[in-house]
Amino acid sequence: MEDTQVRDKIRNNSAQKKHISDKVMPNFFLLMASLSVLTTLGIVIILVTDASKFFSAVPLTEVFSTELAPLRKDPSFGILPLISGTIITTLIAMLVAVPVGLAAAIYLSQFASDKLRRVFKPMMEVLAGIPTIVYGFFAYSFVTPLLMKIIPSLQAKNALSPGLVMGIMIIPMVASLSEDAMNSVPEIIREGSLGLGATKLETAFKVIIPGAISGIMASIVLALSRAIGETMIVTIASGSSKNFTLDITQSMQTMTAYIVEFTSGDAGSGTLGYYSLYAVGLILFIFTLGINLLAQYISRKYREVY
Amino acid sequence: MISRPKFMIDSQRISNRIRLNNALNYLFSLSTVFSILVLGVLLYQVGLDSMGWLDGQFLTSNLSIFPEKAGIYGAIIGTILMMLIVIPVTIILGVSTAIYLEEYAQKGRLQYLINVNISNLASVPSVIFGLLGLTVFGRLMNLGSSILAGGLTMSLLVLPIVVVAAQEAIRAVPDFLREASYAMGADKWTTVRKVILPVAIPGILTGTILAMSRAIGETAPLVVLGIPTLIMRIPTSVMDDFTVLPIQIYYWTLDAVLKPEYANLAAATIVVLLVILFLMNSVAVIIRNKFQQRF
């Protein structure tokens with residue numbers, strides 16, 4: 001408390017010989033800072049206004065139907081194929097990323113020596129820094145042909161291969177965030193458990209993971225949001241068929257891939273197809289925003305634990 | 001013969017527990033190795049595909065309908081020109097925001113609002129930034145799919161990374177430096193400019209480089225913005241249409257269905273992109289290690 005008083009006095013003293021810059025700069029910085037809020041507002045306004053044009057023209061029964069054919073002469077705009085495509089690829093990705101990512105996190109935080117950790121962690125960071133377009137190329141030109149040898153009925157564009165590659169892409173995120181959570185469980189607790197004769201494995205599962213559970217959950221939820229919003233891998237490797245199916249060997253389209261496909265095609269501004277982009281964008285935004293807020297809520301709760 | 005103590009009877013259980021511990025240790029280490037192995041396979045595969053395609057001619061020639069003659073010169077120039085917009089815009093916006101939040105803002109609603117907003121902005125899917133760019137820069141401001149529109153869209157996308165890094169760097173400047181500056185009679189702006197920023201610059205720079213490498217590798221927003229498939233003309237001003245390396249990879253990967261050689265072109269472009277990103281990250285690490293000041 002005392003030092004803030006001293007600082008206030010100094011501040012008041014120097015206020016007597018204030019330069020113009022001290023009046024201008026705070027306002028300048030505030031202006032710059034408010035631009036980020038403006039960006040968010042801009043996103044919301046744009047999505048809502050243009051999506052409302054779509055929703056007012058297309059009846060809700062059609063929106064929640066399974067037929068999506070925006071470029072047909074008599075177009076139909078059922079978004080369920082996009083939602084199912086998104087959920088399926090995301091699910092495949094999570095099935096890869098969560099077990100492998102958590103196992104890697106447990107290994108790095110509990111079992112690995114310092115030396116190994118110093119080798120593995122930067123390598124994982126490299127994995128996380130690779131652009132998604134590169135993963136897309138990898139999925140299409142390497143993973144799909146490989147899977148075709150195992151599953152002959154697999155189509156060249158399918159949901160399985162981009163789902164798997166997306167999972168691999170997210171592993172570092174789950175691993176490093178979960179590892180951070182595990183490392184922030186106090187060392188005393190860990191040593192207490194080991195001192196009582198528990199093995200490292202028992203310590204990890206019965207002491208560390210319960211202690212870090214909110215952080216781990218937050219990492220999984222964030223990974224989920226990342227998978228839903230991921231674009232280039234699915235655009236390249238899962239194709240553009242608007243199938244409403246559970247068959248992962250088939251081509252499917254996700255919400256993000258629809259936006260990319262439709263803008264790179266010639267959707268004239270002002271058409272219903274053009275506004276459908278914003279409707280899909282709005283749904284995607286609401287999905288990911290909800291998930292991110294959930295993750296923030298979980299990790300805020302977690303901070304109170306220790 | 002001495003009878004065995006009672007507690008030794010459990011030795012079977014103990015050895016089982018240890019065996020389970022070791023087995024899962026092995027399994028978990030395999031998981032870790034798996035993700036590294038994928039990285040290896042990916043690099044190997046891309047390297048193999050690009051073999052014989054990545055040469056001086058590839059770097060210096062423009063697009064061509066013949067894969068053998070095609071190059072990425074246009075994409076390299078486009079990437080450089082776009083970064084000439086992204087770098088100043090994100091540094092000015094990002095560092096100013098961080099200075100405001102850390103030095104000027106009073107603890108309260110507004111500061112909280114901006115902070116929450118930035119962390120949410122960081123996790124908005126990049127395609128949505130594409131829709132923002134398409135609508136605001138492309139249509140409302142009539143910039144089309146020019147370098148300016150692309151650069152501004154990308155700047156907003158990576159802004160949160162710079163803000164968070166700059167905030168951390170500024171927060172790490174110890175208070176006694178600020179107090180010393182005020183005690184010398186300096187005003188706030190002078191303190192920020194002459195004391196805080198110079199100390200925080202390595203941290204800010206590291207974060208900025210990481211943000212730039214994200215901007216160089218990001219594809220989706222630019223595709224949504226409507227970057228055209230074929231740019232035969234090299235861009236000369238920020239109002240020109242352009243293409244960048246990831247977009248080039250995208251179209252060549254799609255074209256690989258028609259002609260397998262396009263996959264080689266995509267792979268060769270990936271090698272160039274990864275080398276650039278690797279160099280940038282190395283510079284970031286060097287700066288972090290070299291200028292890390294401890295107080």
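Just so it is clear, glycine is given a Cβ too, placed from its N, Cα and C backbone atoms.
What you see is a predicted model, and the numbers here were worked out from it, not measured in a lab.
Listed in TrEMBL for this protein:
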TRANSMEM  B:23-44  transmembrane segment
TRANSMEM  B:72-101  transmembrane segment
DOMAIN    B:76-284  domain 'ABC transmembrane type-1'
TRANSMEM  B:113-137  transmembrane segment
TRANSMEM  B:143-166  transmembrane segment
TRANSMEM  B:195-216  transmembrane segment
TRANSMEM  B:262-287  transmembrane segment
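Listed stretches B:113-137, B:143-166, B:195-216 were compared with the transmembrane segment (B:72-101); the greatest number of C-beta pairs under 8 angstroms is found for B:143-166. Sequence-distant contacts of the transmembrane segment (B:195-216) (same chain, at least 6 residues past either end, Cβ-Cβ under 8 Å): 79, 82-83, 86-87, 90-91, 94-95, 98-99, 103, 154-155, 157-159, 161-162, 164-166, 168-170, 172-173, 177-178, 180-181, 186, 244-246, 273, 276-277, 280-281, 283-284, 287-288, 290-293. With a cut-off of 8 Å between Cβ atoms, the residues of this chain six or more beyond the transmembrane segment (B:143-166) that come close are 78, 81-86, 89-91, 93-95, 97-99, 101, 118-119, 121-122, 126, 129-130, 132-133, 137, 200, 203-204, 206-208, 210-212, 214-215, 218, 221-222, 225-228, 235, 237-242, 244.
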